[in-house]
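Novice: Annotations per Swiss-Prot:
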type     : residues      : note
ACT_SITE : His262        : active site, charge relay system
ACT_SITE : Asp318        : active site, charge relay system
ACT_SITE : Ser399        : active site, charge relay system
DISULFID : Cys211-Cys421 : disulfide bond
DISULFID : Cys217-Cys285 : disulfide bond
DISULFID : Cys241-Cys263 : disulfide bond
DOMAIN   : 555-653       : domain 'P/Homo B'
SIGNAL   : 1-20          : signal peptide
Amino acid sequence: MKRICGSLLLLGLSISAALAAPASRPAAFDYANLSSVDKVALRTMPAVDVAKAKAEDLQRDKRGDIPRFALAIDVDMTPQNSGAWEYTADGQFAVWRQRVRSEKALSLNFGFTDYYMPAGGRLLVYPATQAPAGDRGLISQYDASNNNSARQLWTAVVPGAEAVIEAVIPRDKVGEFKLRLTKVNHDYVGFGPLARRLAAASGEKGVSGSCNIDVVCPEGDGRRDIIRAVGAYSKSGTLACTGSLVNNTANDRKMYFLTAHHCGMGTASTAASIVVYWNYQNSTCRAPNTPASGANGDGSMSQTQSGSTVKATYATSDFTLLELNNAANPAFNLFWAGWDRRDQNYPGAIAIHHPNVAEKRISNSTSPTSFVAWGGGAGTTHLNVQWQPSGGVTEPGSSGSPIYSPEKRVLGQLHGGPSSCSATGTNRSDQYGRVFTSWTGGGAAASRLSDWLDPASTGAQFIDGLDSGGGTPNTPPVANFTSTTSGLTATFTDSSTDSDGSIASRSWNFGDGSTSTATNPSKTYAAAGTYTVTLTVTDNGGATNTKTGSVTVSGGPGAQTYTNDTDVAIPDNATVESPITVSGRTGNGSATTPIQVTIYHTYKSDLKVDLVAPDGTVYNLHNRTGGSAHNIIQTFTKDLSSEAAQRAPGSCG
């Protein structure tokens, strides 16, 4: 009977697979009987007045309005009054298509104010020029998971002036399908790198200032996790800001997205129109203050998410908290940032944002924050952050982006400020509505953060971030290094490994107050002695690991230090060895040879440590003394003058 049940189960799976919609690409690529794209009904939009829009934008900029990149064109298009239906050759699917064109648009996006997709169906939006072997990242797909109580769907941008809207529906469910297109949004600025390339010929580019710093640059090292929390987004297909996923005390990965109240997302209709662009960042580090940094980037806008509901909003501290409609896509590898609601200032701050809603950038401040009211007057609702001359700034489009403490916790979201690449002195600063103020907000769940970010009322003052629950967890790297010395100079070789990625950055501390980020640095010490050296490595997933070792340098002629920094575990009642290879020496050892020993162990009185030469001579260093004290971190001096160079000490056991 088990075999029979198995056969029935396989049959059921086979039927289910046969009724699933085709792959996420235009149906005509898989069904030759469907009309070619050039035969699909075309609707051309009325001309838009771009000159008027740009004149309006000058006034919008003066008022500090959030950036506009598109003009909305009102339409009323449904499958009942537009486009045409066809059936796939196998008779299983009905396919409805409509081409839409708006002359000179740099990109298009669409607002559907009545959307319902039955199970097994899908909606595609793609460039009219899409080819079977073309970039699949330009195709946006929506299905039943995008159904929502507002019955709205707003799409990601499609580069170019002409796009195809395509619905593929199981034939027996066509009656359930609902679609009403009411907004065609004409991009006249250049939203995204592909649209900006189309704009380049006319000199229009929606790029950010050259002083900004790409998140892939070294300034992002150690912050790779919080970088993944930040996304750019569009509102109603025409305006744009920045926001961030935030964690809550339940650690349940609710899709809470924090942004600015002034971005206008505080109503049900505008919240439903959000389209978030995740991991939209340049692939290389463009040196700040170079032409490349101020030019078009290469960030991908293929990782998108549509729709949300409002949880809370409060004008005084300029926050809006949304809950995005859909769970995180594991492939996006998102991060939920922690937060800090304490009533205090901080010694510095970090901003991650989308200036001009272009590729993601990072700004750093090493100046203490201060309390201000919005606009810079006396008050405590906002944090004032002073940017360094070379630490990046924010720009229009950065609004709503998070400001982080040095511990990588959200302290607030960007309200605004005078900062820009050309700003100097105190004008190179910004103001952020504080999480502290927003926590109690206006005194009700709809105007404060506490109900949502601390649902069980734990009273937590701060929490750390939470990584994605999907995909393959990032395995932390293993830090390791070796060293050699010559006189007062030590040369270090990084031998760290990362099993599921690569080492992205290194931070050395040489034990005398000096540091380095080089891969294999050399260090010349001012005086002879033994120094504790630490290496902290960060992998490409943001995980870190630290290795601590020691190095002994001597000012004497020809002095050389040999080490073995490989960690060795010490089991109970066991003998272990840590071999040290000595080569390239002549003559005998010194009568005052220093031997640095570093052993981390509870109760040093349990330990016996010997130095054993290759000829078997044993030099005792430590013999079960020290009582209840822990660890042996000590330099011993031994007379090794009887040891010839080729018979130098071989191991420490």
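Cβ from N, Cα, C; glycine included.
Help me understand the surroundings of these features in the structure.
Specialist: Residue density at His262 (active site, charge relay system): 22 other Cβ atoms are found within 10 A of its Cβ, drawing on all protein chains shown.
Of all Cβ atoms in the shown protein chains, 28 besides its own fall within 10 Å of the Cβ of Asp318 (active site, charge relay system).
Within the same chain, residues at least six positions away from Ser399 (active site, charge relay system) with a Cβ under 8 Å of its Cβ are Ile66, Cys241, Thr242, Thr259, Ala260, His262, Cys263, Leu414, His415, Gly416.
Its own atom aside, the Cβ of Cys211 (disulfide bond) has 26 Cβ atoms within 10 angstroms in the protein chains shown.
Counted within 10 Å of its Cβ, the other Cβ atoms near Cys217 (disulfide bond) come to 19, all protein chains included. DSSP classifies Cys217 (disulfide bond) as coil under the three-state reduction.
Around Cys263 (disulfide bond), taking its Cβ as the centre, 23 other Cβ atoms fall within 10 Å, counting all chains.
As a whole-number mean, the pLDDT of the domain 'P/Homo B' (555-653) in this prediction is 77.
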Novice: Which secondary structure state does DSSP assign to His262 (active site, charge relay system), in the simple three-class scheme?
Specialist: helix
Novice: Which ones in the same chain are close to Cys285 (disulfide bond), with CB under 8 Å and 6+ residues apart in sequence?
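Specialist: Spatial neighbours, sequence-distant, of Cys285 (disulfide bond): Asp214, Val216, Cys217, Pro218.
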Novice: Please determine which of the disulfide-bonded residues listed here (Cys241, Cys421) has the lowest count of neighbouring CB atoms within 10 Å.
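Specialist: Relative to the other disulfide-bonded residues in Cys241, Cys421, Cys421 has the fewest Cβ atoms within 10 Å.
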Novice: Indicate whether Cys241 (disulfide bond) is helix, strand or coil by DSSP.
Specialist: strand
Novice: How far is it from Cys421 (disulfide bond) to Asp318 (active site, charge relay system), counting Cα to Cα, in Å?
Specialist: 24
